[in-house]
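> I'd like to ask you about the structure that follows.
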Amino acid sequence: MNASPRPHQVTARTLSELVSAVEGLTALPDALSPHAVTGVTLDSRAVRPGDLYAALPGANVHGATFAAQALDSGAVAILTDRAGADLIAVAGASCPVLLADDPRGLLGAVAAVIYDQPATRLVMLGITGTNGKTTTAYLLESALTQLGRTPGLIGTIETRIGTERVPSVRTTPEASDLHGLLALMAERGCDCCCMEVSSHALALHRVDGVGYDVAIFTNLSQDHLDFHSDMAEYFAAKAALFTPERARQAVVCIDDEWGRRLAATAAIPVATVANASAEVDADWTIEPPLDGAGGEPDDSGSSGGLRLRHRDGAQLWAAVALPGAHNVTNTALAAVTLLQLGYPPEQVAAAFDVPAHVPGRMQRVQLEQSADGLLPPQVFVDFAHTPEAVAATLSALRDQQRGRPGGPGRPAQPGPLVAVLGAGGDRDPGKRPHMGAAAARVADIVIVTDDNPRHEDPVAIRAALASGAREVAERGAVHDVPGRAEAIALALWLASGAADGSRAAGTVAVLGKGHETGQTIGDVTAPYDDASATRRGWEQLVPAHAAQEHS
Ligand SMILES: CC(=O)N[C@H]1[C@@H](OP(=O)(O)OP(=O)(O)OC[C@H]2O[C@@H](n3ccc(=O)[nH]c3=O)[C@H](O)[C@@H]2O)O[C@H](CO)[C@@H](O)[C@@H]1O[C@H](C)C(=O)N[C@@H](C)C(=O)N[C@H](CCC(=O)O)C(=O)O
Ligand SMILES: Nc1ncnc2c1ncn2[C@@H]1O[C@H](COP(=O)(O)OP(=O)(O)OP(=O)(O)O)[C@@H](O)[C@H]1O
Ligand SMILES: N[C@H](CCC[C@H](N)C(=O)O)C(=O)O
């Protein structure tokens, strides 16, 4: 397992100090020994000497089951609930025990004390929403760097602490790891942190003990209804970030109804942002792109520029390096966040001149033209794994295709737009037919395939995607292809063009896995990534095509 990095300079805290600092924490008799803690974790496998081990009740097992392992690894005390204390007593383990009715609910406060309130040493930016968290975090990180700051970053792909990059296990780390990471960032000279805050994190107390300088809301649409009972509960989890206990001010996109509800009810100051097309009254309006600038990606992938207008008439122009109208919105949210932090508009605009790179989001995979005249399609790997994201990404690519015909060296009609689409197992099953339908509404050809099946039957997942796609009246072909590499190979073939002009090359969107470097089947994750599978698929297609031509 990946142990989260920790700070090196930690002041030891006695158990009495912890008990007096955190309300709701008590100590079992004789627990207030002179022992002092220098770290904290909720995973017995990550315990370091001097740690407090938080033995939490879970959906699968009680963490107190692993008390002996934690003590063997050097834990000096255990934080748990009454059931955990009983398990420890029955097992005959002897150690100081700190008790709480809901230990997960106190873990953030405890970790903040142990690591000396690290969030107060950084300007904290927290981004939540169904889609766009990662992208907005990277955009902010890049812009803050241009503004001379030293940002850390925490999110789905990785944690960045100075030059160190640690692959992520989850979007938002558990509270015990989070405070350690923030302390390490401060220790290494970071002065701010751009982080994604998932709804799981808010519901599971992962960001407790962190106060955000700005909380940012991108949008809300269907996802995670395996964890949240319905959209209202999902929204309520996100809305918890926009309270005085957690954030000083907010930047909220009000393109959707959830954003409008959030802006209307948040008890902190809110700056609202909306696209002009949403026809709502926002503090900052994203104006439609001028001819040839903004919204529609060009061949290089750039979206051109962003025009923001404040209700008082002030304007801001900024470059948008990432393709698609959704990335214009993400850039606008990042820009308004910087304005809210007090940066002058000219500096904010200039901060976006250097393009940010977000791995696995509209990532172009370059393929070579074959000697025998097979033209490669344009291929984009993207992390779209919700209906809205599938629609946003494919629409951006369709817009790009529409902009392509007739240009120098371009065919009058582009080839087909082919979507390769899977959905993860052990995740919201209700979103699958909607993802299939979203793809079929835009793409000419939909190929449903496997994502991370985890513990589910991949045949059933694909069937759910395909059923949604087939319900779309105006649609093209829908193929069901087991095996992601096989599905990509078929897509490449269907979207390839012929150099003699008899067939134009099209576009392939490989959706759902983005930056991921493995595929999880059951409990096993095997190395896999879409970009490599695409290159391999093309390399194999070219000789196969040549053999066919010459046979
Ligand atoms: C629903 C959920 O998020 N559950 C998390 C929760 O699980 P749990 O409380 O049921 O834990 P459990 O498996 O019963 O184990 C109980 C305790 O024993 C401990 N343990 C367990 C085994 C062991 O050997 N030693 C040990 O100490 C565990 O650390 C845990 O504290 O606590 C565990 C310990 O940290 C997490 O691994 C687990 O995340 C699961 C695996 C997960 O996949 N979560 C995903 C869905 C998630 O959080 N996703 C969001 C992304 C959302 C987005 O896309 O926007 C995220 O922020 O990543
Ligand atoms: N503002 C947006 N509106 C709609 N779709 C978006 C937006 N931003 C990104 N997307 C789509 O969502 C996908 C995921 O984007 P991103 O990784 O930035 O979101 P995320 O919220 O971090 O997702 P996750 O939490 O699941 O990792 C992108 O690949 C793109 O298809
Ligand atoms: N953070 C998201 C990522 C989904 C990515 C997709 N490839 C999958 O495995 O479902 C989740 O855990 O639901």
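Each residue, glycine too, has its Cβ placed from N, Cα and C.
A TrEMBL annotation is a machine prediction, not a hand-curated record.
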> Can you say which of 299-302, 407-410, 451-454, 515-518 is given as motif 'Meso-diaminopimelate recognition motif' in TrEMBL?
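When 299-302, 407-410, 451-454, 515-518 are checked in TrEMBL, motif 'Meso-diaminopimelate recognition motif' belongs to 451-454.
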> Looking at the meso-2,6-diaminopimelate binding annotation from TrEMBL, with Asp451, Asn452, Pro453, Arg454, Gly512, Glu516 already listed, which candidate in Arg364, Arg398, Arg402, Arg427 is the matching residue?
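That meso-2,6-diaminopimelate site, as TrEMBL gives it, pairs Asp451, Asn452, Pro453, Arg454, Gly512, Glu516 with Arg427.
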> Looking only at C-alpha atoms, tell me how far Asn452 (meso-2,6-diaminopimelate binding site) is from Gly132 (ATP binding site), rounded to the nearest Å.
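One finds 21 Å between the Cα atoms of these residues.
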> Please spell out the DSSP helix, strand and coil residue counts for the motif 'Meso-diaminopimelate recognition motif' (451-454).
0 helix, 1 strand, 3 coil
> Which recorded positions among Thr134, Lys238, Asp451, Pro453 have CB under 6 Å of ligand 3?
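Only Asp451 qualify.
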> On the Cα atoms of Arg427, Asp451, Asn452, Pro453, Arg454, Gly512, Glu516, which are listed as binding meso-2,6-diaminopimelate, what is the maximum pairwise distance in Å?
16
> Find the average pLDDT over the domain 'Mur ligase central' (127-337) in the predicted model and report it.
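Its mean pLDDT is 93.
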